[in-house]
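The feature 4-aspartylphosphate is assigned by Swiss-Prot to D57. Swiss-Prot lists 187-416 with the feature domain 'Sigma-54 factor interaction', giving sequence analysis as the kind of evidence. If you look up Swiss-Prot, you'll see 215-222, 278-287 marked as ATP binding site, on the strength of sequence analysis. According to Swiss-Prot, the DNA-binding region annotation covers 481-500.
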Amino acid sequence: MSFSVEVLAGIAIELQRGIGHQDRFQRLITTLRQVLACDASALLRYESRQFIPLAIDGLAQDVLGRRFTLEGHPRLEAIARAGDVVRFPADSDLPDPYDGLIPGQESLKVHACVGLPLFAGQNLIGALTLDAMTPEQFEVFRDEELRLVAALAAGALSNALLIEQLESQNMLPGSSGVFEPIKETHMIGLSPAMTQLKKEIEIVAGSDLNVLIGGETGTGKELVAKAIHQGSPRAVNPLVYLNCAALPESVAESELFGHVKGAFTGAISNRSGKFEMADNGTLFLDEIGELSLALQAKLLRVLQYGDIQRVGDDRSLRVDVRVLAATNRDLREEVLAGRFRADLFHRLSVFPLFVPPLRERGDDVVLLAGYFCEQCRLRLGLSRVVLSPGARRHLLNYGWPGNVRELEHAIHRAVVLARATRAGDEVVLEEQHFALSEDVLPAPSAESFLALPACRNLRESTENFQREMIRQALAQNNHNWAASARALETDVANLHRLAKRLGLKD
């Protein structure tokens with residue numbers, strides 16, 4: 001069997017029929033798998049020494065969420081280094097990145113693999129991978145024929161990346177005009193809700209508007225801020241982060257605006273605040289709903305006039321800063337309750353964005369699970385970490401009250417449990433490795449404390465009880481530290497310090 005002119009023409013026609021890049025990529029991959037009669041095919045984008053799946057056929061859905069680093073996948077590294085078709089023998093010692101990821105063949109290893117590097121000029125931009133369980137599957141196809149397929153795929157991918165670059169305004173007036181793929185922002189998801197959010201980010205990123213990012217705790221609001229910054233003309237300048245919930249009232253003004261030597265006890269030198277650090281760049285204010293009304297008034301002045309005053313200084317400093325703010329509160333309700341200034345709310349919410357909760361993102365759960373599985377594989381030095389079909393169904397059926405952050409922790413915990421019960425460096429996550437419950441945990445009681453393992457002394461007993469109290473408060477408040485601090489009737493900064501001392505956070 002070989003490629004006829006009709007077959008190549010058919011592939012080219014399928015590329016033109018697609019509506020949007022994603023549809024074209026999927027048509028290409030599906031057609032190739034049919035023509036080559038192989039078990040799996042994938043189109044990957046190359047960026048920063050890793051391959052990012054764009055379209056797959058015949059592979060588990062979570063592959064779309066994985067990020068394949070060259071260091072962790074020797075076959076993909078060989079493809080990246082090659083300038084031509086790469087054929088891996090059936091007895092190759094190099095592990096295949098898709099072992100265990102072909103549905104119905106999870107227990108078997110891939111026997112035939114072909115890699116086609118894709119170039120735009122001299123720049124590697126991606127790869128096509130073709131896999132089969134039959135060792136001789138690709139021997140009937142000549143390298144010349146596979147090169148033609150690679151050329152068609154490279155053209156489609158190059159055009160898509162160039163259009164994406166232009167749409168996101170990375171090709172700015174005065175730039176070199178050289179093709180540079182946009183940096184990965186780790187915003188993984190193909191659900192309608194995430195697709196809409198990405199479109200809105202593209203719209204607002206190129207402007208200089210302030211943006212208010214809303215959403216539940218753990219949904220990934222910081223990633224949205226990073227994506228906005230990376231897609232803006234300010235991307236070459238700093239993105240400065242400040243968690244307003246972790247700021248004690250006594251130092252909040254200094255953190256935002258800086259101070260001069262002698263402004264207060266302990267001010268032994270001049271210090272720049274976050275606004276100065278973010279000059280000509282972007283300042284991301286997380287948990288902005290936790291700021292006091294007094295600080296809200298000072299923040300409003302900066303947004304109105306573009307100048308700041310360091311604590312203890314009468315002089316004003318001009319700053320050029322774009323502000324991105326995030327909150328898990330309903331700020332409209334906070335305004336009505338008198339806890340948030342209406343004028344500041346309107347200044348910040350010129351272009352509001354909402355990050356959807358994970359329960360509204362459908363199959364994105366599986367893609368994100370694949371991403372975290374690959375992270376765990378690299379971190380623990382495992383050859384593979386895969387989800388069983390039962391585990392995938394289990395993850396899809398759960399409501400994820402803690403959103404993406406809860407999913408990340410669940411995957412990491414499941415990998416550790418599965419690794420402990422299985423010899424070797426291959427881990428398959430089963431349903432029983434996930435202890436998921438949407439029930440609200442009860443507050444710790446004296447009985448639960450007495451049921452803890454016996455401790456050696458009073459200090460250890462006290463620390464164990466504090467640890468349990470903090471865990472329960474975080475669980476009841478969706479891992480929101482500010483809300484947990486209020487529930488425990490303590491200052492959020494003190495709670496962070498105590499949790500760090502007790503080993504509950506890095």
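Our numbering is plain: 1 for the first residue shown, then up by one each step along the chain.
Heads up, the Cβ atoms here are built off N, Cα and C, so glycines get one too.
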Secondary structure content of the DNA-binding region (481-500), with strand meaning DSSP E or B: 17 helix, 0 strand, 3 coil
In three-state DSSP terms, the structure that L285 (ATP binding site) belongs to: strand
Cβ neighbour count within 10 Å of T282 (ATP binding site): 24
Cβ contacts of G218 (ATP binding site) (under 8 Å, same chain, 6 or more positions away): L358, G402, N403, V404, R405, E406, N478, H479
Inter-residue C-alpha distance, D279 (ATP binding site) and D57 (4-aspartylphosphate) (nearest angstrom): 46
Cβ neighbour count within 10 Å of D279 (ATP binding site): 17
10 Å Cα neighbourhood of the residue listed as '4-aspartylphosphate': matching binding-site residues from G215, K221, T282, L285: none
Other CB atoms within 10 A, centred on G215 (ATP binding site): 19
Overall pLDDT of the domain 'Sigma-54 factor interaction' (187-416), taken as the mean: 92
